[in-house]
Amino acid sequence: MLVLGIESTAHTFGVGIAKDQPPYILANERDAFVPKEGGMKPGDLLKHHAEASGTILRRALEKANISINDINYIAVALGPGIGPALRVGATLARALSLKYNKKLVPVNHSIGHIEIGYLTTEAKDPLILYLSGGNTIITTFYKGRFRIFGETLDIALGNMMDVFVREVNLAPPYIINGKHAIDICSEKGSKLLKLPYVVKGQDMSFSGLLTAALRLVGKEKLEDICYSIREIAFDMLLEATERALALTSKKELMIVGGVAASVSLRKKLEELGKEWDVQIKIVPPEFAGDNGAMIAYAGMLAASKGVFIDVDKSYIRPRWRVDEVDIPWRN
């Protein structure tokens with residue numbers, strides 16, 4: 001089975017190709033929109049994805065050394081994400097499905113991150129941290145679905161860091177040589193400032209931390225503010241994670257999503273693993289951020305259990321939660 005996956009939920013347009021036997025991932029091509037200033041504007045994302053889609057599709061097929069006719073199914077991330085960006089990927093997927101008579105596989109973007117994590121880390125039954133620009137979730141698989149034990153009550157961890165560095169003119173770009181701008185700034189900081197620390201059960205709140213940190217700009221060294229906001233945010237995340245580990249008694253902790261690429265977070269998680277005698281499984285950097293390969297792979301799993309959708313019912317779902325998705329391929 002060969003599945004072509006299309007990712008366009010936010011700033012990245014990606015096309016991946018997966019098959020149902022090793023090496024599983026045959027291609028993983030993408031192009032990310034980087035704003036010249038400010039944040040991501042939906043109209044700019046739509047334009048970027050529309051312009052990049054043909055080139056990225058062609059590159060993926062060339063990388064896998066196949067033609068579109070060799071593909072069995074077309075998988076597409078229908079959500080969650082930014083509406084105009086999602087529509088580009090969905091439109092391309094529908095067009096390919098109709099033109100080449102290929103069944104369409106609906107994929108939840110978050111499930112894509114989780115499933116590529118299972119594949120690349122070889123985790124068996126983990127507690128899962130899904131950390132990205134749009135999501136901060138603590139989850140695990142139980143009785144047919146991924147059940148959420150904790151999540152952000154407002155903005156996501158990645159979004160909080162992005163907004164801060166943008167507001168203080170450290171970004172864009174947000175990622176420089178594989179490091180987030182807040183990590184680079186934090187390297188010269190050492191003073192831990194007093195900022196809000198909000199953990200409620202296994203849920204977290206980052207909006208107050210962001211607001212308070214911005215109010216300190218001009219009053220404290222920027223490097224110390226960056227250091228403090230990062231350390232406090234990560235410590236909040238680790239406390240909520242420890243509570244979930246105590247509740248579930250899991251012996252594996254899998255981390256997926258773009259924030260998983262943070263070196264400083266990885267070090268904290270490794271320390272947590274030693275303290276709790278838990279194996280830490282972190283998705284490789286090349287699969288941490290948004291990519292088409294994870295959509296293709298999750299689509300392959302879904303297709304193996306007959307999960308398809310009619311083209312005329314393939315609506316985008318910008319607020320599609322991970323715990324709303326049935327997972328028939330997992331026991």
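In case you wondered, yes, glycine gets a Cβ from its N, Cα and C as well.
Swiss-Prot annotations:
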BINDING   H109, H113, Y130, D290  Fe cation binding site
BINDING   Y130, L131, S132, G133, G134, D162, D183, S262  substrate binding site
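Known features from Swiss-Prot, placed on the structure.
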residue : record                 : DSSP class
H109    : Fe cation binding site : helix
Y130    : Fe cation binding site : strand
D162    : substrate binding site : helix
D183    : substrate binding site : helix
D290    : Fe cation binding site : coil
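Other residues of the same chain near the Fe cation site, with their Cβ within 8 Å of the Cβ centroid of H109, H113, Y130, D290, are T9, S110, G112, I114, S132, N135, V256, G257, G258, M294.
H113 (Fe cation binding site) sits 10 Å from L131 (substrate binding site), taking the CA atoms of both as reference points. Taking the Cα atom of each, D162 (substrate binding site) and D290 (Fe cation binding site) are about 16 angstrom apart. The distance from the Cα of L131 (substrate binding site) to the Cα of D290 (Fe cation binding site) comes to 11 Å. Between D183 (substrate binding site) and D290 (Fe cation binding site), the C-alpha separation comes to 20 Å.
Taking the C-alpha positions, the distance from S132 (substrate binding site) to D290 (Fe cation binding site) comes to 9 Å. Neighbour count (other Cβ atoms within 10 Å of the Cβ, all protein chains): 23 for D162 (substrate binding site). Spacing of D290 (Fe cation binding site) relative to S262 (substrate binding site) is 15 Å (Cα to Cα, whole number).
The Cβ neighbour count for H109 (Fe cation binding site), using a 10 Å radius over every protein chain in view, is 27. Listed in sequence order, S110, H113, I114, T136, I137, I138, T139, V256, G257, V322 are the same-chain residues at least 6 apart in sequence whose CB falls under 8 Å from the CB of Y130 (Fe cation binding site). L131 (substrate binding site): 26 other CB atoms within 10 A of its CB, across all protein chains.
Geometry remark: S262 (substrate binding site) versus H109 (Fe cation binding site), CA distance 21 Å. Of all the binding-site residues listed here (D183, D290), it is D183 whose C-beta has the fewest other C-beta atoms within 10 angstroms. Less than 8 angstroms from the CB of G133 (substrate binding site) sit A10, H11, A156, G158, N159, D162, G258, V259, each of them six or more residues away in the same chain.
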